[in-house]
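Notes follow once the structure below has been shown.
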Amino acid sequence: MPAQQKKIIFCIAGVLSFACALGTAAAIGTQLWVKGTILCKTGALLVNATGQELEKFIGKIQYGLFYGERVRQCGLGGRPFQFSFFPDLLKIIPASIHVSVILFCTVLIVFALVGAGFFMFNAFGSPYETLHGPVGLYLWSFIACSCGCLIMILFSSEVKIHHLSEKIANFKEGNFTFKTHSEHFANSFWIILVCSLVHFLNALLIRFAGFEFPFSKSKDSGTITGAADLMY
């Protein structure tokens, strides 16, 4: 492939990596990771609410990695309550998983920026055969993509397996019991998925530029080695 086309491909990959770093940083600071509704089970059972009557006992909840908000409905109108994970909810959430999600988000941002820098360096500079070259680009893209996948797996397990929404809904609730009525992942969670796919796409762009995947044996090298063996 001509050098000019390789520069264009590296520029595109660098811009995509930088956009992913910005998107991940923005996603961390929002409370748009999970949105859902919570049912005031105690209140609904007291009046034996069914059908449209249940709407008076269904509140809302949304949260991110650091803070969130819930609106409790127990038949007397919505009452909003804002909370933060640190330090309010540390005793009721799986803290190790939650901190790991934040840590991998930070690593994703760092390696996305590193990848963007090396993509631009290889586009406008003189590529080296070490970590500045194609092997390094594959490495940064692989690490960033892996971090994105780990973030989604860990956060999904925290929400679905450990019932994070119900724990938050029942935080500091002595007389009422809340149950998750519905929940879904919001924009910030899907930004992480898009970033993971972008880093995987970057690896394909490197291959499209004409650089073999790491640890892959080319036919030419095998032929040269065989010829050298015959000489000896």
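Using the three backbone atoms N, Cα and C, a Cβ is placed for every residue, glycine included.
Remember, it's a predicted structure, so these values are computed and weren't measured experimentally.
Same-chain neighbours of the transmembrane segment (97-123): 6-8, 10-11, 13-15, 17-18, 20-21, 24-25, 27-28, 65, 85, 131-134, 136-137, 140-141, 143-144, 147-148, 150-151, 154-155, 157-158, 162, 192, 195, 199, 202, counting only residues six or more beyond its ends whose CB sits under 8 Å from a CB of the stretch. The feature transmembrane segment is assigned by TrEMBL to 97-123 (among others).
Only residues 6 or more beyond the boundaries of the transmembrane segment (135-155), in the same chain, are considered here, and those with a CB under 8 A from a CB of the stretch are 13, 17, 20, 33, 97, 100-101, 104-105, 107-108, 111-112, 114-115, 118-119, 122, 189, 192-193, 195-196, 199-200, 202-203, 206, 211, 213-214. For 135-155 (among others), the entry in TrEMBL reads transmembrane segment.
Tertiary neighbourhood of the transmembrane segment (189-209): same-chain residues 1, 5-6, 9-10, 12-13, 16-17, 19-20, 23-24, 26-27, 33-34, 105, 108, 112, 115, 119, 134, 137-138, 141-142, 144-145, 148-149, 151-152, 155, selected by CB-CB distance under 8 Å and a gap of 6+ residues from either end. Per TrEMBL, the feature transmembrane segment maps to 189-209 (among others).
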